[in-house]
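Peer 1: Input: one structure, supplied below.
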Amino acid sequence: MINVLVAGFKGSMGNKTIHMVANNDKFKLAGVYNPVVTEKNVNEVAEFADLDVPVYTDYEQIPVNDIDVWIDFTIPSAVYQNVKFALENKISVVVGTTGLKDEQIVELKEIAAKNGIGGLIAPNFGISAVLLMQFAKQAAKYMPDVEIIEMHHDNKLDAPSGTAINTAKLIAEVREEHQQGNPEETESLDGARGANYEGMHIHSVRLPGYVAHEQVLFGSKGEALTIRQDSFDRESFMTGVALAVEKIGDYNELMVGLENLL
Ligand code: NAP
């Protein structure tokens with residue numbers, strides 16, 4: 001039995017996660033964490049009251065020796081501290097929260113290595129997104145002119161999405177840095193050409209009704225290729241989260257990308 005703590009349990013992803021954990025025979029929901037919790041808002045979380053699980057609001061309260069895996073679906077400004085706390089206390093981590101900076105990931109990797117603890121940071125737990133990133137990396141070898149459009153619900157805090165940044169990083173591994181578009185181009189409205197990652201432009205769309213979607217557009221002389229994935233329901237991420245929780249105890253390093261466990 002794997003004892004799991006869920007940080008961010010009141011949020012859209014956290015709520016799905018506590019139910020996935022509670023309904024999986026191999027996992028025990030050993031606790032949930034959020035620094036700001038009141039009885040009222042705990043009971044607003046669908047069916048949470050029926051689960052009878054300890055709610056921790058302070059790191060000090062967490063029985064670290066009784067937790068095997070820390071799942072994090074919180075916010076960009078909280079995730080680094082949370083993951084650092086877990087790794088320092090020898091708890092494996094499964095991190096879905098986006099917005100970690102490269103230098104923070106380097107530091108967290110060092111802590112995991114020092115303590116011999118496994119962890120996974122997955123910008124996207126959906127298999128369609130993992131495949132999109134792999135296919136885009138393959139295509140970029142032959143079609144190096146590329147732009148990325150990511151589309152999300154309008155409550156998302158960070159832009160561009162972690163998946164878009166990871167897509168750009170994977171493409172950059174196989175593509176020489178080069179500027180695209182007319183070298184003389186100007187923006188008559190700021191931001192019109194989107195963010196720029198090593199010459200690749202990334203555009204972020206935020207709309208109600210959307211969940212998480214991405215298109216990678218390749219253009220070449222007389223032809224184009226578009227790769228697209230859609231996550232229509234947050235439930236689609238749960239298979240990847242469950243897989244990570246089950247496997248992460250076998251590792252002693254912090255990895256980025258679900259493909260490391262597939
Ligand atoms: P959300 O609905 O805003 O939920 C975030 C939750 O985190 C809120 O309930 C918030 O509590 C809580 N929180 C804030 N500070 C915290 C802290 N210090 N410790 C613990 N909990 C804290 O967001 P969401 O849609 O669930 O998304 C969560 C994260 O997952 C985002 O970064 C998003 O981009 C990412 N995401 C990843 C994937 C993936 O496959 N990797 C998929 C979807 C989303 P309050 O309610 O009290 O403010």
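Glycine is no exception: its Cβ is also placed from the backbone N, Cα and C atoms.
From TrEMBL, here are the annotated features:
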| type | residues | note |
| --- | --- | --- |
| ACT_SITE | H152 | active site, proton donor/acceptor |
| ACT_SITE | K156 | active site, proton donor |
| BINDING | G8, F9, K10, G11, S12, M13, E39, G96, T97, T98, A122, P123, N124, F125 | NAD(+) binding site |
| BINDING | K40 | NADP(+) binding site |
| BINDING | H153, G162, T163 | (S)-2,3,4,5-tetrahydrodipicolinate binding site |
| DOMAIN | 2-125 | domain 'Dihydrodipicolinate reductase N-terminal' |
| DOMAIN | 129-262 | domain 'Dihydrodipicolinate reductase C-terminal' |
Peer 1: Where G8 (NAD(+) binding site) and H153 ((S)-2,3,4,5-tetrahydrodipicolinate binding site) are concerned, what is their Cα separation in Å, rounded?
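Peer 2: Each residue's Cα considered, G8 (NAD(+) binding site) and H153 ((S)-2,3,4,5-tetrahydrodipicolinate binding site) end up 18 Å apart.
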Peer 1: Rounded to the nearest angstrom, how far is the Cα of N124 (NAD(+) binding site) from the Cα of H152 (active site, proton donor/acceptor)?
Peer 2: 13
Peer 1: For K156 (active site, proton donor), which residues of its chain lie six or more apart in sequence with Cβ-Cβ distance below 8 Å?
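Peer 2: K156 (active site, proton donor) has long-range Cβ partners R206.
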Peer 1: Say you check the Cα of K10 (NAD(+) binding site) against those of the binding-site residues H153, G162, T163; which is nearest?
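Peer 2: Comparing Cα positions, the closest of these binding-site residues turns out to be H153.
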Peer 1: For A122 (NAD(+) binding site), list the number of other Cβ atoms lying within 10 Å of its Cβ atom.
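Peer 2: By my count, 28.
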Peer 1: Sorted by position, what residues of the same chain at least six away from S12 (NAD(+) binding site) have a C-beta under 8 A from it?
Peer 2: N155, R234
Peer 1: With Cβ-Cβ distance below 8 Å and at least 6 positions apart along the chain, what are the contacts of T97 (NAD(+) binding site)? List them in sequence order.
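Peer 2: The list for T97 (NAD(+) binding site) reads G8, D72, F73, T74, I75, P76, A78, V79, given in order along the sequence.
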Peer 1: So, three-state DSSP: helix, strand or coil for G162 ((S)-2,3,4,5-tetrahydrodipicolinate binding site)?
Peer 2: helix
Peer 1: Compute the centroid of the Cβ atoms of H153, G162, T163, then list the same-chain residues not in that set whose Cβ lies within 8 Å of it, in sequence order, for the (S)-2,3,4,5-tetrahydrodipicolinate site.
Peer 2: T98, P123, N124, E150, H152, K156, S161, A164, A212, E214
Peer 1: Could you state the CA-to-CA distance between A122 (NAD(+) binding site) and T163 ((S)-2,3,4,5-tetrahydrodipicolinate binding site) to the nearest Å?
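Peer 2: About 9 Å separate the Cα atoms of these two residues.
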Peer 1: How many other Cβ atoms sit within 10 Å of the Cβ of H153 ((S)-2,3,4,5-tetrahydrodipicolinate binding site)?
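Peer 2: Excluding its own Cβ, H153 ((S)-2,3,4,5-tetrahydrodipicolinate binding site) sees 15 Cβ atoms within 10 Å.
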Peer 1: Tell me, by DSSP, whether the residue listed as 'active site, proton donor/acceptor' is helix, strand or coil?
Peer 2: strand
Peer 1: Cβ under 6 Å from ligand 1: which of the recorded positions S12, H152, H153, T163 qualify?
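Peer 2: The qualifying recorded positions are S12.
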Peer 1: Sequence gap of 6 or more, C-beta under 8 Å: which same-chain residues meet both conditions with respect to N124 (NAD(+) binding site)?
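Peer 2: Long-range Cβ contacts: V130, M133, G162, T163, N166, A212, S231, F237, G240, L258.
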